[in-house]
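J.: This is the structure I have questions about; it appears just below.
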Amino acid sequence: MSITSDEVNFLVYRYLQESGFSHSAFTFGIESHISQSNINGTLVPPAALISILQKGLQYVEAEISINEDGTVFDGRPIESLSLIDAVMPDVVQTRQQAFREKLAQQQASAAAAAAAAAAAATAAPAAPAAAAAVSQQNPPKNGEATVNGEENGAHAINNHSKPMEIDGDVEIPPNKATVLRGHESEVFICAWNPVSDLLASGSGDSTARIWNLNENSNGGSTQLVLRHCIREGGHDVPSNKDVTSLDWNSDGTLLATGSYDGFARIWTEDGNLASTLGQHKGPIFALKWNKKGNYILSAGVDKTTIIWDAHTGEAKQQFPFHSAPALDVDWQNNTTFASCSTDMCIHVCRLGCDRPVKTFQGHTNEVNAIKWDPSGMLLASCSDDMTLKIWSMKQDTCVHDLQAHSKEIYTIKWSPTGPATSNPNSNIMLASASFDSTVRLWDVERGVCIHTLTKHQEPVYSVAFSPDGKYLASGSFDKCVHIWNTQSGSLVHSYRGTGGIFEVCWNARGDKVGASASDGSVCVLDLRK
């Protein structure tokens, strides 16, 4: 048996990625030189570290279950052995001794009970009356359950630690869920084509895929595999790096992808590589097309953002204003954008300007995501400082500082409602997803939370509004996709997948939801009646 530090480091690195700690994973990967190891990450299954730890726990359980003479304990000597318990140096001896004492106590109790039963045999006819008298003197209190199951709160079972049972009234039936398999590692991102039922997905297996879910496609869903390769020795070889961002242009003819190999790529809808964009000095964390479709914007760990000419593949301008990795970007219009960073700052930049046109400061920890509202007037940001802030170009300080979440806020989305949308008569809302397992809906005009959505049991990584703004999809590492009514805050549909959910998205018609998962699956939920 051999264990190398590279192997241990790689499993820890993958665990951090799969758990959503992307920034920690990146830092750890740099410090441990993961990229220089010869481990092929595409061959390592998801949840590998957890799997090997579970096997270690089972081995310790086996040790505890076996006597020194090789015989097996009669019964189960341990209950709920935790990972911390298992690493204690004397856990085997301690648990074995505790079990022996428990066994001796049970045997003594059994002997005493047998003796008492024999002594009371002659008085058996009087026993029911005595029991009835005790019952009359001590009637059960309201809300308690008796021993035989009628009332007595002491015998109630707490199920909070178990996965949430999905109500049959809201559960999406299996015939309405299509599971797409093909990726060989976790799927971090997915996005629908804006004009057809093509679903793109990006994975840790160094591929993106385009799944054809149009009704007229032959034989159900088909997939195009977009392999992300780099040139080595005059040959194209797999980059073995995660594809962590992707975005369709507005007319659905081109797909842009961003990878940890430092390159952005443009693909045609039929899966052909059109351009490779290479100027970042490290992983790309985010990229977005502008509405016009002539520019692509990217953010990288090299602390810069870049505007690319989508037609030539050349960098139009690089913006080196952050002092730490840039995490997210969003266009305000076709030439102006905002970027956020682990440096806690937000910069608003414009093509042709050699310095930010605006800088917003106020967060006290990493800023994870930023989004302009549909009118481009307000900018929302969320942070590891557990706050959500609303900014305006008209002032330097935030318009609203919204504090309600109890853990980091991972992402935010504006509803497609209000001014400058196709739903102008509906009020605009903002959704926030947090590691506190909740989603919150906010009335931004008043700066108040209007709904707290609490059915998830693990960190929530993604939220997405339906095109009409009436519904919100949320995806969590508890493997569940929930669909909520945005007006009432009620849960209307729910689906439990086979892996933690990293991303959810709606198709253009608003009748299908796509979701990408940590076990390499992509699921499509058909919400039509």
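Backbone N, Cα and C atoms are what each Cβ position is placed from, and that goes for glycine too.
So TrEMBL has the following annotated:
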REGION    132-169  region 'Disordered'
REPEAT    180-221  repeat 'WD'
REPEAT    243-267  repeat 'WD'
REPEAT    277-318  repeat 'WD'
REPEAT    360-401  repeat 'WD'
REPEAT    402-452  repeat 'WD'
REPEAT    453-494  repeat 'WD'
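Help me picture where these features are in the structure shown.
T.: Sorting the repeat 'WD' (180-221) by DSSP state (H, G, I as helix; E, B as strand; all else coil) yields 0 helix, 19 strand, 23 coil.
Over the repeat 'WD' (243-267), the average per-residue pLDDT in this prediction is 97.
Here the repeat 'WD' (453-494) has, by DSSP, the following mix of helix, strand and coil residues: 0 helix, 23 strand, 19 coil.
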J.: Per DSSP, how many helix, strand and coil residues does the repeat 'WD' (277-318) have?
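T.: Each residue of the repeat 'WD' (277-318) counted once, the result is 0 helix, 22 strand, 20 coil.
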J.: Sequence-remote contacts (6 or more beyond its ends) of the repeat 'WD' (453-494), Cβ cut-off under 8 Å?
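T.: Apart from its flanks, the repeat 'WD' (453-494) reaches 19-20, 163-164, 166-167, 170-172, 407, 410-417, 421-423, 426, 429, 431-441, 500-506, 508-510, 513, 515, 517-518, 523, 525, 527.
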J.: Is it the case that the repeat 'WD' (277-318) and the repeat 'WD' (243-267) have 3 or more CB pairs under 8 Å, with pairs at least 6 apart in sequence?
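T.: With 3 or more qualifying Cβ pairs, these stretches touch.
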